[in-house]
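Noted in TrEMBL for the protein shown:
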type     : residues                                       : note
BINDING  : 19, 20, 21, 22, 23, 24, 25, 26, 92, 93, 94, 95 : ATP binding site
ACT_SITE : 93                                             : active site, proton acceptor
BINDING  : 149, 152, 187, 190                             : Zn(2+) binding site
BINDING  : 175, 176, 177, 178, 183                        : substrate binding site
């Protein structure tokens, strides 16, 4: 897919890089905007004002990469700051913006610009994060990255929130900005979110027989989904 936008669309388009915490979303966004600059394209980058981790005026990755960005309170502010010569608009931590960001990125793409967004696709509960499902549906290009589960070392797709070293409860606030002491990547199996009994819903699904775990279908599926 990375070679896909080597042949650009006739108009603008939307790209979304998504995944859990520590999967490299910001690093990938920075990689893309730096490549655009190498091609002498005009780039502007933005981040939500709520994100104060690491560097306030930079998009920063957990590996130490940085790219200058403007902090914005909302979608309207981003649209007002995009210059007439800007060809590429990058938005990090896009999940923290309100629903207005959907119209903003659509209109920026309609104006002929390449819009690159990076954000969490799921909240700490493992549920779709705010505007992200609609943004993913609108995008021409979507790349979902995985991290490494801190428990088993498998592919991690979820962000485990920890409060004083313990899994956060289901009814905790969705938005809680933190770093390594607040979150860690987990796989589906090891992702823990204690839920009140009145919220628990158990569907009548039969457990998978142990003999079926090694069946050709599951073995092939696991091989296809295994990290390379």
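Cβ from N, Cα, C; glycine included.
On a predicted model such as this, the values are computed, not experimentally measured, just so you know.
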Practice task
Take the Cβ of residue 21 (ATP binding site) and count every other Cβ within 10 Å, whichever protein chain it belongs to.
Solution key: 22
Exercise for the section: Within 10 Å of each Cβ, count the other Cβ atoms and name the one among the binding-site residues 25, 190 with the highest count. Expected result: 25
Exercise for the section: Select the closest residue to residue 94 (ATP binding site) from the following binding-site residues, measuring between CA atoms: 149, 152, 175, 187, 190. Expected result: 175
Problem - recorded positions: 92, 93 - member with fewest neighbouring CB atoms within 10 Å - result: 93
Completion exercise
Long-range Cβ list for residue 175 (substrate binding site), cut-off under 8 Å, min separation 6+ in sequence, same chain only, gives 50, 96
Exercise for the section: Measuring Cα to Cα, tell me the gap between residue 93 (active site, proton acceptor) and residue 25 (ATP binding site) in whole angstrom. Expected result: 9
Exercise for the section: Compute the mean position of the Cβ atoms of 149, 152, 187, 190, which form the recorded Zn(2+) site, and then list in sequence order the other residues of that chain whose Cβ is within 8 Å of it. Expected result: 150, 151, 153, 154, 156, 186, 188, 189, 191
